[in-house]
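So that you can see what the record holds, here are the features copied from Swiss-Prot:
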- 2-184: domain 'tr-type G' (DOMAIN)
- 14, 15, 16, 17, 18, 19, 131, 132, 133, 134: GTP binding site (BINDING)
């Protein structure tokens with residue numbers, strides 16, 4: 001056991017975590033040269049296309065150190081994006097140490113700071129590594145200084161390497177086996193294992209990735225899942241090298257998978273404890289705090305026949321991504337679907353793409369909204385995550401919106417643009433610190449301003465240099481109103497929005513203009529209106545397509561022409577009374593792209 005090292009790699013997006021992981025696998029001979037490819041661990045198509053890590057991946061490697069001993073390295077590659085911090089905290093719970101990878105050109109960014117604090121809070125040994133040293137703009141002294149100033153860990157002897165060229169990677173491994181402590185635990189004690197991740201395989205059932213704290217588990221053992229109390233027979237255990245490799249057993253301190261033909265999707269929840277059925281009194285390990293979704297949106301199948309398949313797909317995805325929550329909902333415009341909770345906009349896009357690709361579904365998404373707290377005049381407090389469920393304005397005494405504390409790290413030359421953007425998004429500055437060439441600003445901002453397009457706008461105003469980390473702080477009273485969209489006088493529940501009263505008229509005009517472009521012309525005029533309560537604040541009209549009924553009249557009396565035009569007008573009027581307007585999918589997403 002003294003030769004096992006469990007560690008995670010934490011870093012900001014694009015600082016080279018997955019490439020460093022590739023080098024480790026190559027140097028320790030985890031895969032042959034033929035099987036090696038760039039970003040081996042990012043196995044999902046989506047991860048490769050977007051160049052980001054979404055799921056944490058674990059690998060077990062054997063490294064022969066210079067002191068002649070062979071060490072077993074269990075390492076977990078973690079995502080760097082702010083929406084997937086939950087994956088990171090889960091991975092860290094299985095480790096004794098973490099490599100903090102920082103790009104030697106760009107320096108410390110907000111996400112590395114946040115993940116690093118999580119690691120330090122969980123009592124891990126953090127080892128700084130400077131990556132991308134082969135780039136001409138690498139400035140190791142400045143970056144070491146930033147690590148010490150911003151994060152507060154000693155970086156004087158941080159290892160310099162370049163994951164791309166392979167320079168200094170062996171030095172990283174050497175330092176790692178000596179810096180990161182060995183796991184603690186008794187091999188002879190009763191089994192106690194923590195489920196870090198699980199996914200559903202159509203042939204094998206639920207596959208669980210576990211970190212064994214105490215004892216051992218082997219094929220043929222009967223294991224007990226503590227939360228459900230059910231007993232399962234272990235079919236096989238093993239590790240990823242990154243290939244599935246079966247082993248005789250998993251012992252205390254190791255990370256590997258257990259397959260026990262669990263067919264029920266909720267049979268082995270993430271964060272649960274496994275033990276042997278012969279020792280049911282083993283205490284439950286502290287799991288992970290359940291994470292609360294920040295953004296809610298409705299997902300509806302285009303064809304109502306797909307509803308059951310959609311439900312199954314969501315169940316399987318929730319097993320693999322436990323931060324996703326969902327409940328059934330119905331909409332007048334879109335039929336039956338689910339209201340889903342996500343950690344952020346990127347998370348929502350990824351889930352929607354995974355549902356469409358992996359489960360072959362066609363989905364319509366409504367505009368996302370955050371959770372609001374309402375105090376009614378009766379004194380009761382309710383929470384609302386869907387604008388169409390808002391009670392009448394006259395019944396509400398106080399409207400409270402969620403406020404987040406956003407920490408932004410930005411080079412000094414882009415500070416002005418970032419401050420302007422934060423003020424536009426109704427932010428209130430908390431403090432500002434100058435750290436070398438970077439500035440750290442903290443703002444309190446309404447969550448609905450942050451989750452929609454703030455990240456993209458921040459990147460574009462700072463030319464990609466600013467980085468962001470945010471967390472929920474509190475609820476605060478605000479002057480909010482519900483903006484309804486009416487098409488030909490009928491409210492469309494799926495298009496309702498909650499906006500600040502000051503922006504309502506502008507948003508209303510922008511939304512009706514956008515809808516006018518997206519709704520195809522019909523045989524009759526289509527009136528698109530935006531309303532707050534009973535007051536219409538904006539209107540546009542999609543003009544009718546009309547046939548030239550006068551084409552056949554050459555000359556002749558004017559009363560003949562009038563008669564034909566009146567007849568056409570009467571026909572259009574009749575059509576309008578019975579006609580339905582088809583709203584295309586783009587119109588539901590138009591709400592997202594309103595430039596505030």
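We number each residue from 1, going along the chain as drawn.
Here the Cβ of each residue, glycine as well, is placed from N, Cα and C on the backbone.
Known features from Swiss-Prot, placed on the structure.
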residue	record	CB count, 10 Å
14	GTP binding site	16
16	GTP binding site	24
18	GTP binding site	25
131	GTP binding site	29
133	GTP binding site	19
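Over the domain 'tr-type G' (2-184), the average per-residue pLDDT in this prediction is 77.
In the three-state DSSP assignment, the secondary structure recorded for residue 133 (GTP binding site) is coil. According to DSSP, residue 14 (GTP binding site) is assigned to coil rather than to any helix or strand. The maximum pairwise C-alpha distance among 14, 15, 16, 17, 18, 19, 131, 132, 133, 134, the residues recorded as binding GTP, is 17 Å.
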